[in-house]
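Peer 1: Here it is, the structure in full.
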Amino acid sequence: MLSMSDFASCGSYEECSATADWLRAHTQVRPKVGIVCGSGLGGLAEMLKDPQVFKYSDIPNFPSSTVHGHAGQLVFGTLKGKPCVCMQGRFHLYEGYPIQKITLPMRVFKLMGVETMIMTNAAGGLNQDYKVGDVMIIKDHINMPGFAGISPLAGPNDDRFGVRFPCMSDAYDRELRQLAHDVAAELGYSDFLQEGVYCVLGGPSFETIAECRMLHSLGADAVGMSTVHEVIVARHAGMRCFALSLISNRAVMDYDSQEKANHEEVLETGRLRAQQLEKMVSTIVARLDNDNNNSF
Ligand code: HPA
């Protein structure tokens, strides 16, 4: 259990530096790309060459992952020759961690030299044109907890990470989204590729029918319980972000429907589409320097 003093120091420069120093002392890898794997999508981490694995419970200041389908480990290695760090399992608001703890890895990665963050998640499809198994490039987000003042940037701002009022109109990098479209077309994945708006909620209960209808009418194409807080902290610290949602279920919008959202369906869809999603992400990583002037 966290004490009050833990809350105060969560995600602070000192705390994140201590974690980054510990990791630097335990691995030779100096990652330029950070990857966060969503529910059932942890296979990406297994593509890393010469992997060095750290259980979250062994890393100073890291919370541990409590969700089934999330391995709970950090993997360093190279993907297509690029030095990467991969979170095999992430942290969520509904696990009860302070929000600054959930996003602590983003700041640790920044301090280790990461320039580009790639996030994946499983999400419920609100857009009626979306099918289970579609992959949605996130072009924008709606931060529902943020409307209630729940933000990983709440509290005193540390200018060493970023500015007090960071811009979010360019949160999801345009060039990387274009690169993803190009890669998907080359791989023959365009049939199941979408691009849309992701809405984050606190969870862990899935949405009611009325909530799904409301979110859809507000312009959300998919709904989930992750990613946005990580993106806000990564953007605050000046990292480029790219994120994909695997549409693992269709959000229930109709009172006559017998469908029910459940975590097993989320994991099963992940298993079915995982390899293609991994191929897409690894191809994007392979192209980062060529197409996007990333300095490797
Ligand atoms: N709602 C919220 N989060 C989710 C869903 C959903 O339908 N599917 C996967 N994560």
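Including glycine, each Cβ sits where the backbone N, Cα and C put it.
Here TrEMBL flags 32-285 as domain 'Nucleoside phosphorylase'. Residues annotated as phosphate binding site in TrEMBL: Ser39, His70, Arg90, Phe91, His92, Ala122, Ser226. Here TrEMBL flags Glu207, Asn249 as purine D-ribonucleoside binding site.
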Peer 1: Per 10 Å Cβ neighbour count, which of the binding-site residues Arg90, His92 ranks highest?
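Peer 2: The largest 10 Å Cβ neighbour count belongs to Arg90.
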Peer 1: For His92 (phosphate binding site), name the DSSP secondary structure in the helix/strand/coil scheme.
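Peer 2: DSSP assigns His92 (phosphate binding site) to coil.
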Peer 1: With the Cβ under 6 Å from ligand 1 as the test, give me the qualifying entries from the binding-site residues Ser39, Phe91, His92, Ala122, Ser226, Asn249.
Peer 2: Ala122, Asn249
Peer 1: Sequence gap of 6 or more, C-beta under 8 Å: which same-chain residues meet both conditions with respect to Ser226 (phosphate binding site)?
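Peer 2: Spatial neighbours, sequence-distant, of Ser226 (phosphate binding site): Gly38, Arg90, His92, Met119, Asn121, Val200.
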Peer 1: So what's the mean pLDDT when you look at the domain 'Nucleoside phosphorylase' (32-285)?
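Peer 2: PLDDT averaged over the stretch: 94.
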